[in-house]
Amino acid sequence: MLEFAKRESARAVTEKRRALEARLEKIKVEEEKQRHATDHPKEARKRRRVDTSSGDPGPEQDDQFILDDYDSDADERMASSKKLSDISGLSTSTLELLERFKEQFSAPVEDEIGHEDDDVKIFYCSRTHSQLSQFSSELRRVKMPSSMPAELSTSDANTDEVQERVKHLTLGSRKNLCINPKVMSLGNAAAINERCLELQQPGIAAEKRCPYLPSKEDEGQILQFRDHTLATIKDIEDMGKLGKRMGICPYYASRSVLKHSENVLLKAQKIVTLPYPLLLQRSARDALDLSIKNHVVIIDEAHNLMDAICNIHSVTIRLSQLQTALLQLTTYAHKHKARLKGKNRSYIAQIIRLVSSIRDHLRSILGQNLPAEGTVDPSDLMAGKGVDQINPYKLSRYLQESKLARKVDGYVEFLKNKNQQSDDKPSSPVLFLVQSFLLSLMNPSAEGRFFYLKCHDDIQLRYMLLDPTNQFREIVEDARAVILAGGTMSPMSDYRNHLFSYIAPSRLDTFSYGHVIPPENLIAHTLVNGVLGSEFDFTYDSRDSEKMILDLGRTVATLCQAIPDGVVAFFPSYDYLSRIVAIWRKPLEGEKGETILSLIEREKSILYEGRDMGPKTDDLLQEYTRTIDSGQGALLLSVVGGKLSEGINFSDKLGRGVLIIGLPFPNIRSAVWQAKIQYVEQKTYNSSSGSEKDRQSIAKAAGKDFYENACMRAVNQCIGRAIRHRNDYAAIVMIDRRYEKANIQGKLPAWIKESMLRRSVRRPASALAADLSNFFSGRSPR
């Protein structure tokens, strides 16, 4: 009897899932028709009246800038009841709506059928939305076998014709998904978040609230949004277009899709894509109500992971910004002092004292004959008068809950408009940045440090996370499995020794696969001596040798003669590239005005990557492509860690050769890197055993390994710019005597090392050029 009941329940669920797939198929067809009719776009399904005013009360009203009464003790008692709303950022009505959906679709039949353990989502995370869009594009080609048992169907129709599609959802931030023009115009992510939440507050008049926010009356539209989202694979741009077409906020509506995915009808083949910050930051996961418990997490481009976690949890502020913040805070406090109640007045005074203390310390550093950069003791930042009486916990909570930054920034904008002051471009609200920094100062991580850096007439203060282990640990411990993937993950030791140092080796699996190209499509070689015999030693003490730099130029010209089409040369830094180019521009003795650059230009046109190119990078790439397509060939002088060293594909004739000049070690003399290595050494020393001498030796080796790994990850990224598909072919030349060291070669990708082993004999530059000519001869250009 029980078996029959279970079978009937399963049959009913299967039929509903088939009906859902049929409905999604109809929507897919409908969307395809809409794409064909882009010249005549259809009206939105639900036309909403959008308030075209500023969204703020009139300028004569001052109430909008007044802080709500704040009682830290009372608010602390209420915190637990408000926690869900505060964390998620949803209005009460929207929370009720989403909770009702969750209850509506959470059928008890799940437990009866026993499918709950099979409800595994895949969270696919990458660095940028463009990379996630590439993944979505590939996902559209995937055809998965159906998880619906055909024997449970009672339909008379041919159920095999109903194909079960991959359930995919793209998540993004408000900044990426907001469709409210007035909110989008704020530009800054923190300001957009604050304004979005403000437009949902109970005290906001109905006509001033965001017209796109889902409400209790929008249940049908949210279901419709869900079906359109799941009908086809959509990237972040598609989600925004869908929200605009339907007149509903895609940020909040997509969260409802995530909640619906707990529903038994959507149990199979669920993939959620999201960028790094939404997964790696606890506050972002809380805001999305995102749980990864017992799910699979895949992180692509994982060579960036450790740096990404540290950067997400780091914040930088300048002295000039602190001074601006102080001016804004004091102006606001003076203007509204009669209307600010006791707690607000007290906390604002505390913030002014704290910011003044930080400002004064930075001024003292700027005025002293100190190095250009160094570490800062947090206690020195809080040494101002009365700062020691501040309760860090209460002030942190006040900063997060009072909306002070939003109120002050709004008042500043109001004054600008009132005085008819306008900037050519909107500036980032400085109070949000100050707030982020103060929160770091109030709650510093044991793995974090503070640094200063003098820059011209200003000085910046940075809180930097040195160790990402604990921030990533919660994800590792919650997830069913964590997969780190990348084309160039080598060297791997940092992941084992630092990111996963607390995990037993038996729980860690590493896989390294060969390249898609056959071995004969790659030639990789080190180059120690130039065509004139100079030894290439680009260490700090030897890299400025003009003789060596001139020989490097002649060698590059020789290699460019042997390598067809496009060659990309990567240098350790912009400063060193400028130094080399300056020497290459000098007339050569006895060469009748000839320069190294003119020798190279006989073979290929030369293009340069600048330090602050920004959007001009695309123009440079287009010029590089046009030059190669014209048959001239081109040499692109670039920098390791620059715009062109990562994320740009130099496939086919755009990258027939990659030259790596020197080893791009980070500046070991910088305060940041000294602190990083010191932290690694101390952590290793504390966890090691044996004699004092052995522990110190192990710690020093760990610091050296960590330093080398940072360099070689950057090198491997540059190498990976060429050879982008199975029919591609290219030459990789690493120019520096240190590339012949076993410890350096051991950190190269396996497919590079295999090619080097086949050509293990050291070759002079002229012989290597001959090898390159033979390699490229007879190959059909692509």
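Heads up, the Cβ atoms here are built off N, Cα and C, so glycines get one too.
For the [4Fe-4S] cluster site that Swiss-Prot gives as Cys178, Cys196, Cys249, the extra residue drawn from Cys125, Cys210 is Cys210. Motif 'DEAH box' is the annotation Swiss-Prot gives to one range among 300-303, 740-743, 744-747, and that range is 300-303. One way to see the shell of the [4Fe-4S] cluster site is to take the Cβ centroid of Cys178, Cys196, Cys210, Cys249; the remaining same-chain residues with a Cβ within 8 Å of it are Arg174, Ile179, Asn180, Val183, Leu199, Tyr212, Leu213, Tyr251, Tyr252. Sequence-distant neighbours of Cys210 ([4Fe-4S] cluster binding site) (same chain, 6+ apart, CB under 8 A from its CB) are Asn180, Val183, Cys196, Leu199, Gln200, Cys249. Neighbour counts of Cβ atoms within 10 Å were taken for the binding-site residues Cys178, Cys196, Cys249; the minimum is at Cys196.
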